[in-house]
Amino acid sequence: MVKIGVNGFGRIGRLVTRAAFTCDKVQIVAINDPFIDLNYMVYMFKYDSTHGRFHGTVKAENGKLVINGQAITIFQERDPANIKWGDAGAEYVVESTGVFTTTEKASAHLKGGAKRVVISAPSADAPMFVMGVNHEKYDNSLKVVSNASCTTNCLAPLAKVIHDNYGMVEGLMTTVHAITATQKTVDGPSGKLWRDGRGAAQNIIPASTGAAKAVGKVIPELNGKLTGMAFRVPTPNVSVVDLTCRLQKPAKYDDIKKVMKAASEGPLKGILGYTEDQVVSSDFNGDSRSSIFDAAAGIALNDNFVKLVSWYDNEFGYSNRVVDLLVHMASKE
């Protein structure tokens, strides 16, 4: 049983906790959040506007958060170095505040007794792992790793299957992305990224994303061959990747469909999905897979130039991969 601590009880922290309660290989033993007191944690975990009520029991008891009868130690430290993970029995920490995303900053958790840290965001310098793509390259000399971003987790399996079968010359990605907490409800100041400060519910907002370039880090052969951008759109959850790429080896679109379907039923089962249905974004709310290839939405200009479409629940799919990565890391101890 992998004993886990969660730092930051926001969208991802709460959903990693939900995902952990569907997995019998992990156990959440501690949660740290200086901004949310225990009773508020109970409320925030129980009710969720996007994913619905938690199907189970949640209560506060003797200063602990008790989920499905399991007591979880609560810390309220601002400085990660002060969190006594070791005392709570947490060996692995999910760093999901969005603040401590470098190796140096995330390493602070090790001072409190944690053995390893998974950053639930892209990192400037921590090694990035995408389940189903490069997780086999993990070795236990690494103390701090990143689970990359939700978009990289959607794009990388798609890019891997295409590159392994046909060779990718180059590609451009667009993610049509649901609203996230960093956006504004109405127009407001936003540092250097002026567009990002515009009202999230009122606009389609062009934005930058490092997700495509990050694929080059997890699939080295694609380094420098992919870049991309995002459009933030007024939906609460579920995003979609549009990958337009040139293939080295010509392929009929029907053959690409067959290859994607085979991958989704084989080595990438549970990570890559496949559908030929006439789906829309809300059909994937609560989907635990990283990337669901939409066979009916893609198009080919010719045998070497194609547009591929893949859906993802940017909250829940990603949170499940964080749990999967923790389980994989523990298997290498």
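Glycine residues also receive a Cβ, built from the backbone N, Cα and C atoms like all the rest.
When the candidates Asp33, Asp139, Asp294 are compared with the NAD(+) site entry in Swiss-Prot, which names Arg11, Ile12, Arg78, Ser120, Asn314, the shared residue is Asp33. Swiss-Prot lists Ser149, Cys150, Thr151, Thr209, Gly210, Arg232 as binding D-glyceraldehyde 3-phosphate, and of Thr180, Thr185, Thr275 the one it places in that same site is Thr180. If you measure from the Cα atom of Ser149 (D-glyceraldehyde 3-phosphate binding site) to that of Arg78 (NAD(+) binding site), you get 24 Å. Distance between Cα atoms for Gly210 (D-glyceraldehyde 3-phosphate binding site) and Asn314 (NAD(+) binding site): 15 Å, as a whole number. Under the three-state DSSP scheme, Arg11 (NAD(+) binding site) falls in the helix class. Proximity to Arg11 (NAD(+) binding site), judged by a C-alpha distance within 10 Å, picks out Thr180 from the binding-site residues Cys150, Thr151, Thr180, Thr209, Arg232. Distance between Cα atoms for Thr209 (D-glyceraldehyde 3-phosphate binding site) and Ile12 (NAD(+) binding site): 18 Å, as a whole number. Taking the Cα atom of each, Thr151 (D-glyceraldehyde 3-phosphate binding site) and Asn314 (NAD(+) binding site) are about 7 angstrom apart.
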